[in-house]
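Written out below as structure tokens is the structure these notes cover.
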Amino acid sequence: MIFATLEHILTHICFSIILIVITIHLITLLVHEIGLYNLSEKGMIATFFCITGLLVSRWIYSGHFPLSDLYESLIFLSWSFAIIHMVPKIRNHPNSLSTITAPSTIFTQGFTTSGLLTKMHQSTILVPALQSKWLMMHVSMMLLSYAALLCGSLLSIALLVITFRKNIDILGKSNHLFIGSFSFGKTQYLNEKRSLLHLQKASFLSFRNYHRYQLTHRLDYWSYRVISLGFTFLTIGILSGAVWANEAWGSYWNWDPKETWAFITWTIFAIYSHTRTNKSLQGANSAIVASMGFLIIWICYFGVNLLGIGLHSYGSFTLTSN
């Protein structure tokens with residue numbers, strides 16, 4: 001009872017901290033202040049420890065590792081986002097992932113706390129299929145992989161947006177030059193008059209292009225490494241799940257909806273990893289594959305639960321709300 005009360009308190013504390021961090025993030029969009037950024041980072045650290053305490057207290061009073069239903073898996077997913085957010089800070093690197101990981105942690109935990117029915121927050125007795133030592137290994141690896149792959153996919157989407165905008169800018173400049181070539185007589189004087197202004201702008205434009213190149217390179221660098229980490233977790237999760245399935249159901253693979261979409265997810269990111277071996281396919285081309293993976297992950301994790309069918313139906317909305 002004490003730990004159940006502690007979980008309830010930590011849930012509300014965590015949600016309150018999340019609201020504060022969201023407010024700070026919105027302010028930083030308007031005001032670039034280092035102090036506000038540091039405050040939001042401290043808020044994320046506090047959120048991480050609150051979620052950790054929440055998971056531990058639920059583990060103690062429920063008597064099993066808290067990964068048995070949708071509510072618990074969402075808490076663990078937000079904790080996984082927070083872990084990824086903390087990695088650059090632990091290694092004393094600039095936190096290039098905070099733009100993705102912080103909102104992901106905030107919105108996932110916020111939805112878990114306020115978006116699900118209160119009945120879904122209650123701990124239930126494990127179904128027989130989940131009463132195994134493989135629960136912690138398989139489900140934790142899968143959720144860590146989802147968190148890493150979602151973050152990497154979002155970085156790839158950001159890369160595509162920046163690249164797409166760059167292509168539009170180049171196209172607009174090309175059209176301007178094309179039109180100008182047909183009105184040389186009228187524009188010759190204006191071009192001479194504007195040449196000095198163009199020279200003054202040249203340094204600024206080259207700096208902006210260099211900054212954009214650095215940004216896209218950084219996005220490509222981090223998306224590849226985060227997705228590679230997630231792909232490793234996904235592979236371990238699928239293999240451990242196959243061993244567990246053989247123990248529980250007598251077969252390594254049964255092609256139920258969850259397993260099928262897990263295989264599709266693995267295939268998509270295997271293709272992504274293959275594109276990274278070819279330099280001509282790196283950058284925007286591989287980012288397109290990763291962006292497709294973003295939707296596939298949500299179908300695998302969340303969409304299949306809406307069906308409530310198959311061997312993995314114990315994590316569906318229907319069963320957890322009864």
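Glycine residues also receive a Cβ, built from the backbone N, Cα and C atoms like all the rest.
Per Swiss-Prot, the features are as follows:
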- 9-29: transmembrane segment (TRANSMEM)
- 43-63: transmembrane segment (TRANSMEM)
- 70-90: transmembrane segment (TRANSMEM)
- 142-162: transmembrane segment (TRANSMEM)
- 226-246: transmembrane segment (TRANSMEM)
- 259-274: transmembrane segment (TRANSMEM)
- 287-307: transmembrane segment (TRANSMEM)
Legend entry - Distal contacts, the transmembrane segment (43-63) - CB-CB under 8 A, six or more residues away: 1-4, 6-7, 10-11, 13-14, 17-18, 20-21, 24, 72, 75-76, 78-79, 82-83, 85-86, 98, 102, 105-106, 109, 123
Inset, instruction - Count the CB pairs under 8 A between the transmembrane segment (287-307) and each of 70-90, 142-162, 226-246, 259-274, then give me the winner. - result: 142-162
Inset, instruction - State the residues, same chain only, that lie 6 or more residues beyond the ends of the transmembrane segment (226-246) and have a CB under 8 A from a CB inside it; answer 'none' if no residue qualifies. - result: 84, 97, 132, 134, 137-139, 141-142, 144-153, 155-156, 252-254, 259, 262-263, 265-266, 269-270, 272-273, 290, 293, 311
Legend entry - Tertiary contacts of the transmembrane segment (9-29) (same chain, 6+ residues out, Cβ under 8 Å): 36-37, 39-40, 43-44, 46-47, 50-51, 53-54, 57, 102-103, 106, 109-110, 113-114
Inset, instruction - Report, as numbers and ranges, which residues of the same chain sit near the transmembrane segment (70-90): CB under 8 Å and 6 or more residues beyond its ends. - result: 41, 44-45, 47-48, 51-52, 54-55, 58, 96-98, 101-102, 104-105, 108-109, 111-112, 116, 120-121, 139-140, 143-144, 146-148, 151, 226, 305, 315-317, 320
